Amino acid sequence: MSFLNGTSLTPASFILNGIPGLEDVHLWISFPLCTMYSIAITGNFGLMYLIYCDEALHRPMYVFLALLSFTDVLMCTSTLPNTLFILWFNLKEIDFKACLAQMFFVHTFTGMESGVLMLMALDHCVAICFPLRYATILTNSVIAKAGFLTFLRGVMLVIPSTFLTKRLPYCKGNVIPHTYCDHMSVAKISCGNVRVNAIYGLIVALLIGGFDILCITISYTMILQAVVSLSSADARQKAFSTCTAHFCAIVLTYVPAFFTFFTHHFGGHTIPLHIHIIMANLYLLMPPTMNPIVYGVKTRQVRESVIRFFLKGKDNSHNF
């Protein structure tokens, strides 16, 4: 029991064992993960820079998009650098407090990601259903408060799960079969009763994911009713195209999230562990990687802004 702090049942550190059963191919698995992370960082920073520089994108919709990009960067950066160190250099040890901190940030940022998608759905709803009041409803003050409350909600709901995990006794060992510190992955190696952790995790998922999905569903129901009532086919097409990128972002976020959540709580014995670990990594990587691409392809204003940016750079180089 050398991994314990004296007589305490709190370990000094944990060992993140990577992807169980696939240790021999850790290096090969790291290449697609590293590629996706590089695309995510480049794409999201590029999108934020574009929105900051182009005055045509200084509208609530794109402010929320910049907030989504910022959240995406934080979400994937909370795990991927450490995961790559595990896969590349076999550096598996993580301090107990660092593990709890990583767990806190992972769940806070994933909760914030869901919240921002919900805010973007409300933004689309106001823009399509109440176009004349759009500018007066979504002021800079309202946007800032909404973003802050979304972050605060994640923090306040995740903090208890961190303390619930910290209180557990770890007498079975300190090896976690995962690439990062996830709430239930850490709790499951405890020799204590983790029922409270599991129930609280389910409550948080319902409070965040359930509430956000309900708001998104109501928003899109109102949008659909408003669009169907439009007399012009072009207007209907324009309204639908406005929501396409956001709908893709919702699918990319919630499908792997639900898979990861339900396999953790209900499918632990039916889903192979290595599949669960891979999906848990893709769950944090897929949205940050694909969101800039989806919004770049599907959103006309973003495409035009990219073209203007490169044309401006080309003109400046010619003048030089």
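Residue numbers in this text run from 1 along the chain shown.
The backbone N, Cα and C atoms fix where each Cβ goes, and this holds for glycine too.
Listed in Swiss-Prot:
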DISULFID  Cys99-Cys191  disulfide bond
CARBOHYD  Asn5  N-linked glycosylation site
TOPO_DOM  1-27  topological domain 'Extracellular'
TOPO_DOM  49-56  topological domain 'Cytoplasmic'
TOPO_DOM  78-101  topological domain 'Extracellular'
TOPO_DOM  123-141  topological domain 'Cytoplasmic'
TOPO_DOM  163-198  topological domain 'Extracellular'
TOPO_DOM  220-239  topological domain 'Cytoplasmic'
TOPO_DOM  261-276  topological domain 'Extracellular'
TOPO_DOM  298-320  topological domain 'Cytoplasmic'
TRANSMEM  28-48  transmembrane segment
TRANSMEM  57-77  transmembrane segment
TRANSMEM  102-122  transmembrane segment
TRANSMEM  142-162  transmembrane segment
TRANSMEM  199-219  transmembrane segment
TRANSMEM  240-260  transmembrane segment
TRANSMEM  277-297  transmembrane segment
Least surrounded among the disulfide-bonded residues, given as Cys99, Cys191, when other CB atoms within 10 Å are counted: Cys191
Overall pLDDT for the topological domain 'Extracellular' (1-27), taken as the rounded mean: 80
Listed stretch, out of 28-48, 57-77, 102-122, 142-162, 199-219, that has the most CB pairs under 8 angstroms to the transmembrane segment (277-297): 28-48
Mapped DSSP class for Cys191 (disulfide bond), helix or strand or coil: coil
Non-local residues, at least 6 beyond the ends, that sit with Cβ under 8 Å of the transmembrane segment (102-122): 61, 64-65, 67-68, 71-72, 74-75, 78-79, 82, 94, 146-147, 150-151, 153-155, 157-159, 161-162, 165, 180-183, 186, 204, 208-209, 211-212, 215-216, 219-220, 246, 249-250, 253-254, 257, 283-284, 287
Tertiary contacts of the topological domain 'Extracellular' (163-198), as residues 6+ beyond its ends and Cβ separation under 8 Å: 1, 3-4, 9-11, 13-20, 78-79, 82-83, 86-87, 94, 99-100, 102-103, 106-107, 264-265, 273, 277, 280-281
Helix, strand and coil counts within the topological domain 'Extracellular' (163-198) (DSSP): 13 helix, 2 strand, 21 coil
Distant-in-sequence neighbours of the topological domain 'Cytoplasmic' (49-56), which means Cβ under 8 A and at least six residues beyond its ends: 62-63, 65-66, 301-302, 304-306, 308-309
